[in-house]
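K.L.:
Got a structure for you, written out below as structure tokens; questions coming shortly.
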Amino acid sequence: MAMTLLPRHGKTHLANIPYGYYTATVSLIFIILLIGARKLIPVRQRNRSKWAKWALSSARGGSPLLYLVVLFVALLVPFVHHYSLLGYVGLYLKRLGRLSYVLATLNLFLTLRPNFLLPGYVYLDLIPLHKWLSRSLCLLALVHGVGFLVKWALDSQVSFVAKAFYNIPNLAGLVVGALMAFMVLLSVRPVRRFSYRSFYLTHIIGAWVFVFLTAYHARPGVFVPYTLLNAGLFVFYILSKTVPARGVELVSKSTDDVNNCLTRIVLPRKAMPEHFAPGSHLRISPYRRVNPLYYMLPSHPYTVASMPEDKDVELIVREHASGFHLLTGLGYTIQNHYESVPRQCLQSATRIALVCGGSGLSYALPIFRHFASEEKADQVKYLRLIWLVRDKYDVNVLGNIRSLASSVAQFDIFVTRSVPPDDTVESGSKLSPAQQQSPITDDLEFELESFGDQLDQNGALITPEIPNLPSGLASSFHFGRKLDWMTDLAQFVEREDLGSTWLVACGPKGLNDAAKLYAQQNEINLASETYAL
């Protein structure tokens, strides 16, 4: 009697391997497109249609709406091929799983800090793309898992319990799917804002579990090359948090708990390298590198308010009761620093306006000082910093800022809660009366929520006291009104200098949206940073 050997797997067992390689190739082309778009597309789009401007600006800016549509069109067009969709449901469910795993390599690549392979991007540029690609991967993984659960439940020839729980590789996939669903839940904005630490911890654990447990779950295997590539990216992630890290203690901390104003924190100069760009960020962890929590819990980002030539590293922050506080006498770990301002702006701008709110001064001030330096004297034609603050006491953080020698630099401070009884101040600062609020800034979310006059118990206006400021730093104070973009920046834009005109904004989404609209209307360059989770 002859013995017949039957194949362990069906004829479609290896059918998804070529599609995995195709996805990897598309991912590589995707990275090349990101690099090429940033290098070849100019910052400003002129003499083009509305849609052409949007497409080019989105391509240069790494817009998730544009790039993810392009990516998934390229991936889904050949998704159903050779085998019918209804006849081979299991094959295409497996293909979804392989697609999500291969794209994880691209997603991890986008999170590298610093990413030397993506020149021209500052590290904040690609966060929206990473966020939406992560959600897409979770969705693909969930459809893959739920699809198989439904398939087994409807198939009378198989045991659902045996397939889902007794088959160990399938059980591993079930664990991954449950974790993906939990990650999606925690990524919803209200939940994420309620407990960012929980979101971050789950995010980190989920990434590692997804990479290594899926490698055990997947059939045919994905260890070579995908798991190896992902493991290599994890190694780089660990090295980037350990090799440049350095321990520090606070030099000093100046705060006013009574008035709840901005806090000035001074770190030793070694907290930053010898050379760094103005407006750079650093990330601080309360844990040492030997503590596992150093890698599992989020570090805290701060914008450096200092310049490389300063003797200390200064931070300007607004501390909240429930937030993270830097305290004197404790040790902290500086993980790394990252540039946040486009180099083209720092190198070639000739007309610069900086608009910031509250602690956003830490972003704008070093950029302002950079352009007010003697080295930029012949280059800069217009330089103005507009700082929007809630209370007059916030201005005290400027007490140790040295004077500026620039002949074109202007510093305007809008104090929104205190209105003087007249237009005179003994210090000689110029005061503007309250004016009609510009509708473009009506939705500011953080510092500017209160514009009421300060009144005493008899209803009289309280006269503001101007803190002492270094000479040459502030050119005017404005009490009790918002910024009117068109009026207060009336001398900013010159048609012959549009290519080298930069508007720099830092604050909540409302402020940055207003800045974006102003930049679009005037066809100038924009660099902005939003302070939000």
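Every residue gets a Cβ built from N, Cα and C, even glycine.
Pasting the feature list from Swiss-Prot:
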- 17-37: transmembrane segment (TRANSMEM)
- 61-81: transmembrane segment (TRANSMEM)
- 96-213: domain 'Ferric oxidoreductase' (DOMAIN)
- 102-122: transmembrane segment (TRANSMEM)
- 136-156: transmembrane segment (TRANSMEM)
- 168-188: transmembrane segment (TRANSMEM)
- 198-218: transmembrane segment (TRANSMEM)
- 220-240: transmembrane segment (TRANSMEM)
- 240-366: domain 'FAD-binding FR-type' (DOMAIN)
K.L.:
Residues sitting near the transmembrane segment (220-240): Cβ under 8 Å, six or more positions beyond its termini, same chain?
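P.N.:
Counting only partners 6 or more residues beyond its ends, the transmembrane segment (220-240) has Cβ contacts under 8 Å with 13-14, 16-17, 20, 24, 98, 101-102, 104-105, 108-109, 111-114, 208, 211-212, 214, 295, 336.
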K.L.:
Between the stretches 17-37, 102-122, 136-156, which one has more Cβ pairs under 8 Å with the transmembrane segment (61-81) than any other?
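P.N.:
So the stretch in question is 17-37.
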K.L.:
Please work out which recorded stretch in 17-37, 136-156, 168-188, 198-218 has the most C-beta pairs separated by under 8 angstroms from the transmembrane segment (102-122)?
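P.N.:
By Cβ pairs under 8 Å, 17-37 leads among 17-37, 136-156, 168-188, 198-218.
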K.L.:
Counting only residues 6+ away from its ends, which parts of the chain sit with a Cβ under 8 Å from the transmembrane segment (168-188)?
P.N.:
97, 131, 134-135, 138-139, 141-142, 144-146, 148, 198-199, 202-203, 205-206, 209-210, 213-214, 216-217, 219
K.L.:
Please spell out the DSSP helix, strand and coil residue counts for the domain 'FAD-binding FR-type' (240-366).
P.N.:
25 helix, 44 strand, 58 coil
K.L.:
By a Cβ-Cβ criterion of under 8 Å, what residues six or more beyond either terminus of the transmembrane segment (198-218) are in contact with it?
P.N.:
97-98, 101, 104, 108, 141, 169-170, 172-173, 175-176, 179-180, 182-183, 186-187, 191-192, 226-227, 230-231, 234, 295-298
K.L.:
Across the domain 'FAD-binding FR-type' (240-366), what does the pLDDT come to on average, as a whole number?
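P.N.:
Averaged over the domain 'FAD-binding FR-type' (240-366), the predicted model reaches a pLDDT of 92.
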K.L.:
In the domain 'Ferric oxidoreductase' (96-213), how many residues does DSSP call helix, how many strand, and how many coil?
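P.N.:
Across the domain 'Ferric oxidoreductase' (96-213), the residues distribute as 94 helix, 0 strand, 24 coil.
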